[in-house]
């Protein structure tokens, strides 16, 4: 007669529901509700507009509420995110503070300079600066790509959507 070996301890012990996921679901729900309520107070817009401005807020806000409910239900059913499986990151290495500070500096410069220089110039500098901080060494190409993206997005917002974005020193040229 042989004895049955005891079951091996599981690699991931049962810990219960992940409370952080409930917190994220609550945050998503609150932001969604706030977006829907805030959208209800928007002006109706012009009669020639196909879609009222509030429609986007209602769609995004209600989508956030639905996602919050789905996340809460999935968490209650025991779904847990696996941090190591989804990322191609060395978890033993620490944060690269130099890169983080460089990106924060580029973003801060964008906030400070956007009214004076305008989006077309600052957007190009934002793209080129972020690409350079993240390791790209082709400054001229970064500036060219950033200029194309920022001018295209400026025209898309200003002409296509009618949303004024600061032109800065290029006012009258763009």
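Backbone N, Cα and C define each Cβ position, glycine as well.
Feature transmembrane segment, per TrEMBL, maps to range 20-38 of the set 20-38, 77-95. Residue counts for the domain 'DUF1468' (25-166) under DSSP, helix first, then strand, then coil, are 99 helix, 0 strand, 43 coil.
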